[in-house]
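**Student:** After the structure tokens below, expect a handful of questions from me.
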Amino acid sequence: MDALPQPRRSGALSALHSMMMPVWILLSAVTAGLKAEDGGMEELTTEKEAEESHRQDSVNLLTFILLLTLTILTIWLFKHRRVRFLHETGLAMIYGLLVGVILRYGIPATSYHNKTPPSCSLKEGPVSTVLLNISGKFFEYTLKGEINSREIHNVEQNDMLRKVTFDPEVFFNILLPPIIFHAGYSLKKRHFFRNMGSIITYAFLGTAISCFVIGNLMYGVVKLMQAFGQLTDKFYYTDCLFFGAIISATDPVTVLAIFNELHADGDIYALLFGESVMNDAVAIVLSSSIMAYQPSGTNTHMFDAAAFFKSVGVFLGIFSGSFVMGVATGVVTALVTKFTKLHCFPLLETALFFLMSWSTFLLAEACGFTGVVAVLFCGITQAHYTYNNLSAESTKRTKQLFEVLHFLAENFIFSYMGLALFTFQNHIFSPIFIIGAFIAIFIGRAFNIYPLSFFLNLGRRHKIKGNFQHMMMFAGLRGAMAFALAIRDTATYARQMMFTTTLLIVFFTVWVFGGGTTPMLSWLHIRVGDTESLQEEHRQLGALEYFRCRI
């Protein structure tokens, strides 16, 4: 009797199951549809973000191109009107400053989803990437930089400013090689090699003297700041020496451009030009050697004789290796152009010359040497040997190609310097440090020029006259190389203060000393209108073009 209802209950359950099946299928379909819709919305959002990022990158690049275009047009106006109180580099910096002000204060800040990001704790140690596991999906987040607590709602504007602040490696690998190569490839060999001993003395010994004088003076300034309570974080002696190394890199591009236009004395031009291109290389290797200075024991920032001599060995090894690599690449290019018939195809010849020259920089960097030294001596070797093997069309093309690249890269850098004063978000302005740095660089430059000139004159037939020495002292401008070395590492309190100070020093020297070059030439009675230089320009431009430009 009891067993009879069982089939009816089983039938009822079966019926209920049969009725529920379409509902479960419907719910599963709706859930899958919602998940697919969520996935589609996520992909759509990602595509929109990528498109917006691409558009913003294009706007940033367009900004720099418009800056360069405006600079070029203003340069033409200045040259046409014979205006020499402001060089194009100073002009590019002014335009960069104006655009930086607009980007920083003219664009309204927007909030990031109108809420504060959730707080999280980080472990001790350097963190560059965070992996987040959400329901089995891993998301990678890259550290872009610290956000000021007062600007936590302005993440989008911070991201825009951060994109304008480009990676320093872009400068070193893309913008710097054509500048340095052009310096070596276009030098006036007769004056350069006639003053080679003096140039090497100023570049090597003078840069080292300037580095240690500035470094020790700045260490005294740091101790003074510490005594007055103006120092809020660590600032070591090695940091002061590093600052001395990077700020010893002179860049008298404004002075040399005016020298070239006025056809100033060839020897003073060669001394300033040779010292500037060589001491850039020396400053890079010297700063790398100071960073490699690692004393043993607990006092990691105190003087250690063994570590000092090790860093000297690193300096000599890097410099000599880079020199050999640059010369070797130049010789290989000369042999290839001499023993092949590439001159029958000028386009291929120019392309090979360009690639071999640029690869010298990258090869040296990849091997742990310094690309600046390698590409500089590659340019000198190419000018001495390869240039004579090129076809007439390729000789003209290579000179014009690197001249245009040098001009654009240099003005891009100076425009960016003006921009960085407002877009860089971790400036540390310390009046005591800035004033001390200005005094230190003038003292360091004086200890470089005057004592070395005295000793060099003991063995020179053509003496370095007093007015030449004063001009070299005056022309010790700081520029692109000091800026690039300072911005390469801004992770610590000390490096951020160095970067801000370096930027202000570059502004001051380019505007004040660059603009005062012409009056200083007159006041020091340095000869201009060199006949040999005028004849060389006449040969390069051609008689018709020469007179057309002079009218």
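Glycine is no exception: its Cβ is also placed from the backbone N, Cα and C atoms.
All TrEMBL annotations are machine predictions without curation.
Bear in mind that the values here come from a model prediction, so they are computed numbers and not experimental data.
Below are the features listed in TrEMBL for this protein:
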type     : residues : note
SIGNAL   : 1-36     : signal peptide
TRANSMEM : 60-78    : transmembrane segment
DOMAIN   : 71-523   : domain 'Cation/H+ exchanger transmembrane'
TRANSMEM : 90-107   : transmembrane segment
TRANSMEM : 170-187  : transmembrane segment
TRANSMEM : 199-221  : transmembrane segment
TRANSMEM : 241-259  : transmembrane segment
TRANSMEM : 313-337  : transmembrane segment
TRANSMEM : 369-388  : transmembrane segment
TRANSMEM : 400-422  : transmembrane segment
TRANSMEM : 428-447  : transmembrane segment
TRANSMEM : 468-487  : transmembrane segment
TRANSMEM : 493-514  : transmembrane segment
**Student:** Give the nonlocal contacts of the transmembrane segment (170-187) in its own chain as ranges (CB under 8 Å, at least six residues past its ends).
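**Tutor:** For the transmembrane segment (170-187), the far contacts come to 270, 273-274, 276-277, 280-281, 357-358, 361-362, 365, 371-372, 375-380, 382-383, 387, 398-399, 402-403, 405-406, 409-410, 412-413, 480, 484, 487-488.
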**Student:** Of the listed stretches 90-107, 199-221, 369-388, 468-487, 493-514, which one has the most C-beta pairs under 8 A with the transmembrane segment (400-422)?
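**Tutor:** If we count Cβ pairs closer than 8 Å to the transmembrane segment (400-422), 90-107 scores highest.
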**Student:** Near the transmembrane segment (199-221), which residues from the same chain, at least 6 beyond its ends, have a CB less than 8 A from one of its CBs?
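**Tutor:** Cβ under 8 Å, 6 or more out: 192, 237, 240-245, 247-249, 270-271, 274-275, 278-279, 281-283, 286, 432-433, 436-437, 439-441, 443-445, 447-449, 451-452, 456, 472.
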**Student:** What stretch, picked from 241-259, 428-447, 468-487, has the most CB pairs under 8 A with the transmembrane segment (493-514)?
**Tutor:** 468-487
**Student:** Mind checking which residues of the chain, 6+ beyond the ends of the transmembrane segment (60-78), have their Cβ under 8 Å from one of its Cβ atoms?
**Tutor:** 84, 86, 88, 91-92, 95-96, 99, 163-164, 408, 411-412, 415-416
